[in-house]
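So the structure is just underneath, and the comments pick up after that.
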Amino acid sequence: MSRPNTRNKNKRQRAEDSENLSSEILRKIHSTGQITNSDIRQLYSVWRPLCQGCRVNSKENPNCFCGLVPPPNGTRKAGLWQKMPDIIHSLGPNPNEDLRVLTDTPAGLTNLGATCYANSILQCLYMNTSFRNGIFSLEPDLLKQHPVLDQLAKLFAQLHSSKMAFIDSAPFVKTLELDNGVQQDSHEFLTLFLSLLERSLTHSMVDGAKSIVQDLFRGRVSHVTRCSVCGKESDASSKMEDFYELELNIKDLNSLDESLDDYLSVEELRGENQYFCESCGKRVDATRCIKLRSLPSVLNFQLKRYVFLPKTTTKKKITSAFSFPRQLSMGNRLSDQSDSLIYELSAILIHKGTAVNSGHYVAHIKDENSGKWWEFDDEHVSELSLNPANKSGLRASSGDSVSNGFDHEETFSSTDAYMLMYSRINTAASANLNVKNSSLPLHFSKEIEEMNESYESACKEYQDKKDREVACITERRQEVKSILSEAPVHPYEDSYFWISTDWLRQWADNITAPLCLDNSSIQCEHGKVPFSKVNSMKRLSTTAWQMLLSKYGGGPSLSSDDYCVECLNNEAKTAVCADDYRDRKASLKQLAEAALAGNSLEGPSYMVSRSWLLQWLRRKNTDHPSDADAGPTASLRCPHGNLLPENAPGAKRLLVPEVLWLFLFETISSTKSDVLTFPSDSETCKICSQELTEVASMEDSLRATKLKQRQNHEKLIAGKSFALNPGDKYFLVPSSWLSKWRAYVTTTGKNISSSPEPENLEAIVDSLICQKHSRLIERPLELVCKRGVITQKPSTMDGLTLISENDWMLFSEDWNVMDGKGISAEIAFRNSSVKKVAGSCEEMPISEEDLSRSVDEANDDLEARRPYIKTYPELCEDCIGERESCELMQKLSYSNENISIYFVRGKEVPKSIREASATADIDRRTSKRSRKTSFGNTISLTVSASTTIYQLKMMIWEAFGVVKENQKLHKGSVEIEGDFDTLADKNIFPGDVLWVTDTEIHENRDIVDELSEQKTNANQAEEGFRGTLLTADVAALIFRDASSG
C-alpha cells in the first residue's frame, strides 16, 4: 500500500500565485457579476495565516500584528517604547539630583566658563571655620555698603545651609567684574582678594572680624644683611615686612623641606655684589638671608611651578614630583626658635594641565570638624575619606625621616600641587581670634529658608511630574499589550472588523494615544471597505474592536460584511481592461517595430511621432496608458492646430498601419480628449512652412556671412601670434571681443544662430578712450622677442591685441565702423643709451635706416633696443594707474581664500616651485589636503588679507611641524619678512603659491604652549585682573555703590 502524499498539504501560497488567482477572480466577477465568500477571502487576503515572530509588520497580511510593539525587553528610539530613562530625561533636568540631603556634605560652585581658579580659592576660605565665622559676624549695614563683602557672605551662607548640591557663583563673579571666559592665576587671585578684603574689613565694628585676614594669614619676615668683617647688621635688617604666603622655588628641588631650606638659605655677597658697610665705611663681603619673625595661623606656601624661558620668551610649567608632609614643624625655622609651632596640612590647590595659561584648578580640603578630606572640582564634590591622596595624581607614602621632628611621618607627592595650606595645631590657644563660633547669621536665615523651600517645591513638582509620566507610560504599555493580545482573528473566522493600519501604529507607538478611532483613510466613496486598501488595514477581533471603540469612540465600524461591491466591480473592469491592453499591445508590437524600421505599408496609414513610438515600446508599465502621456501626435501639432512641417524641431514622424493607429487612438483617448489624427495624405501648415522657409533663408544668409569672415580673417580665426614688423601699421582690438567674434563666426550647422553676436565694435573702441584726456585707458599685451622675431603675447580675455591694417579695414566694413575710427599702433624701440628728455617716455620712432637693416643686424640690435607698442592716441597713465590701484585694493580685500604652501626639503629649491610661486593663478582651485611630492609636502591654507605673517607661520607650524623661528618663507625669489605685516602688505593674493624651508637653527617645541600664550596675549595682553574690583580702590567702590543706590 503506497504512502499518502502530504508534501503540499497546508502549503502557503506564493505571492505570484496569489496575484494570478486574484486576477482570475476579478475576470470571473467581471463576466458573471457574482461575488462569493471565497472571492472575498482571496481578494482581501483573509486567507493569509496568523503571523508570529516576524521582525517587521507585513503590509500584505491583514492578520499580521507583529512589529507593532517591540519584543520583550526591547525598546525603540522614540515613542511609547523608548527606554524609560530616556523618556524621563525628556522631562528636563531633575532638581532632585542636585539636592544636598545633609549640610555636612560640602556644596560645590558652578564654573561659569573659566572660573575654576576662583572656585578653588573660595572653597579653601569657606572651609576655614575661623574665616567663615568672621564673615558671618559682619554687621548688615557694612554689607550694604560693600557689595563684595555682601556677595561673599551670601555665597558662604548658601554653601553653609542651602539644600542645593552646588551654588551659582555668578552674582559673586559679576560683582567682582571678573571675565568668566579668561583663565587666571589662582595665587594672584588669592593675593588680590585678601588685600581687597583687608581694606574693606577695616570699616567693620566687630573686633575679630575687622582683622580676620591679618589674624589668620599674616606673618612677618625681615631681610637681614650682615657684614662679614665687623659682624654688624644693616639698619634695614631690623625692619619687618608682612607676608600672606611664602613663595617657594621647586625647580631642581624635591620636597617642601628642601624648598624651605632654599628660601631661608644664606647668600654670600662677594666681588661685584659686595655690600657697603656703614660701620666699616667701605664695600666688604657680607651675607644676606631671610628670617621668619612670626608665622600666621594659616600658613600658605605658593609653589613656583611656572618658570620663564629666556630663549623662547615664554613660560613653562614644572611638572616634576614634589613631596610635602602631613604635619610640619616650623619652630626651628623661626628666628626665635620654638618647639610648639606645629602645622597640619589643611588644603592642597592642584593645577591640572601642562600649559601655563590654561588647564584646570581643583582643591583638596580637610573638614576641620570631621577630619575628612574632600575634593572640590567646581560643581562636583567627592569624599576622599581621611587621606587627600586618593585622586588627582596625589600619592601618599611613609618614611623614617625626622627632619620635621616626626618619626615615620606621612608625606604626599604630586606633580600638579600648586599651593599648600597648613593650619597651626591648637590655633585657638595661639591666635587672638575674638570671633564667636556662630552658625548662619539671622539676616541670611530667612533668605536661605525661602530659597530652600522654593527648591524643595521644585524637586517635589518634578517628582510628581515624573511619577505621573511613568504611571501613564506603564498604563499605556499595558493597554497596548492587552488589546493586541486579543487582536488576531483566525483566517476561517467570519466575525471581525477592519481597522486602519496607520491609526493602529500611532495608537501602539505614541505616548499620547489618538483622541478617537479614525477609519476614514480605509473607506471608499461609498462608505465601505475597498479592495484597493487591503494593504492599509488589519483584521481585528470583535473583542479587541469593542475594547478600542468603548474607550476612544469614533469609527466608522467596518465589519467583515462591509466590503464594497461597486468598487470590486470597478476593479474587475479595470483589471480586465489592463489585461486586454497588455495582450493587444503585445500583438501589435511587431507592427510598431516594422514601422520604426521603415518597412513599406499596405493600406491606410497614419502619422505618429517617431520619438513617442520609441518611448511607447520601451515603457515598462504595460497594463494601461500613462496619464502623463502627451499622445502620439502632440509633437506633430503646430500652434495653429495643423500638421507641423517635418523639418521643424522635434517633428520627426513615421507612418503606422491603421490597425495600430486605431489601438493607439482608442487607448490614449481614454485619458486625453484632444488627440489629433493625421492621415498619410495630411498637408502641413502653410503658415509654419512659410516661417520655417524664412528662418532657413536667414540662416543661409548668416552662414554665408560667417564663411566670408572666416575666409577674410584666416590668421585671426586660428588665434595664433604673427610676426610684427617695425614700420607697419596695426590696429588694437580688445582680446575679449576677438574671443567672442571667433566663437560667433565658427558656430555652424544646426546651431548657427545660437551663438550670440559680439557687441558693436565701434562702441567698444569708443569705450577705450577716456573722456577726460582723450587717451587710451587699456594697455596692449606685451611683446615677445624670440630669435629675432617680434610677436605679441596671446590672451583671450585681458588687454588689447594687435591686428593687421587689412583685418581692421574688413572689420570696419563688416561691423559698420565709421572711417577714421580705430586705435592704430606701430612697433617702436626703447634705447637706454639715448639721453632722456624731460617728460618723454623713452620712445624713439623707427627711422628709414632701421627699416633698411638686414635681419641679422636687427637680431643683434634687439638685445640693446627693446621693442614696444606705440599707440595713437597715447596711453593715459593717470587713468590706468588709478584703475589699477582700485583693482589692486579689491584683490587685497579678500577673506577666507586659499593659498598653497610648499615645504621644500633640502638646500636647492626646484625651479618649478620658484616659477609657480612667482606666477600663481589667482582663480586656480587648490586642494586643501596635504600632499607629498618629490621635493617635500604641499598644503592649502585658508587665509584673509588681514592675516599676519605671524599667524601664517603658526599655520605652517601646525601643518608641517616647523617652529616659526626656523621658517624661511618666500614668494618667488623674494623672502617674506615682518611677522606683524599682513598678507595684503606683502601683496599675497588668493591662489598664490609660497614656499618655505626649515633652517633647523632653533630646537623644536610643542605648538600647544605657543598657541596658549598667543591666545592669552591676544585676549588679555597680560592684563591679569586689571579692570576688576580686585585692583580698584575700596573708597571708590563705596562711593560708586552709594551713588548707584
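Here, residue 1 is simply the first one shown, and the rest follow in order.
Placement of Cβ uses the backbone N, Cα and C atoms for every residue, glycine included.
Those TrEMBL annotations? Automatic predictions, nothing curated.
Database features, via TrEMBL:
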type: COMPBIAS; residues: 1-12; note: compositional bias 'Basic residues'
type: DOMAIN; residues: 107-425; note: domain 'USP'
type: DOMAIN; residues: 471-564; note: domain 'DUSP'
type: DOMAIN; residues: 579-681; note: domain 'DUSP'
type: DOMAIN; residues: 704-828; note: domain 'DUSP'
type: DOMAIN; residues: 920-994; note: domain 'Ubiquitin-like'
type: REGION; residues: 1-22; note: region 'Disordered'
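Averaged across the domain 'DUSP' (471-564), the predicted model reaches a pLDDT of 87. Counting residues per DSSP class in helix, strand and coil order gives 45 helix, 16 strand, 33 coil for the domain 'DUSP' (471-564). Taking H, G and I as helix, E and B as strand and the rest as coil, DSSP gives the domain 'DUSP' (704-828) the counts 44 helix, 27 strand, 54 coil.
DSSP labels the residues of the domain 'DUSP' (579-681) in these numbers: 43 helix, 13 strand, 47 coil.
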